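Structure first, then comments.
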């Protein structure tokens, strides 16, 4: 039993930073955080677009993809057939057509001086969807995670 406590403590210390990378600001719903991170109907330059995300998290996010479409159109993907997500959950949905998107990747800097490169893409995407929370738009399901780009 004495040996278990140090191992548990080590696990918690190592797991803490991983959890922070996937956490969202608690005053936002997961759908609203998804919208902030991934919905950008009109393309913006990556340095500018990413500063909005980084200001919430107080660090330079290493990579982010912006879908150049409306939240309504992306939420409509949630009505399509469910598929298995990367995490083995069954709440993912693939877009029926490709969309324009921008992939932003951190090239240098420390928060708040984060610098990004941009790559324009035209691809399909997969989103994880959940039932909406009270302050979310009134759809049956709303996107909460960008699972992959195809």
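Placement of Cβ uses the backbone N, Cα and C atoms for every residue, glycine included.
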Recorded substrate site member, picked from 48, 105, that accompanies 61, 62, 63, 64, 65, 86 in Swiss-Prot: 105
When distances run from the Cα of residue 92 (disulfide bond) to each of the recorded positions 38, 62, 63, the nearest one: 38
Nearest of the recorded positions (78, 85, 100, 129) to residue 63 (substrate binding site) - Cα to Cα: 100
Site extent for substrate, whole Å (max Cα pair distance, 61, 62, 63, 64, 65, 86, 105): 21
Where residue 38 (active site, proton acceptor) falls in three-state DSSP terms: helix
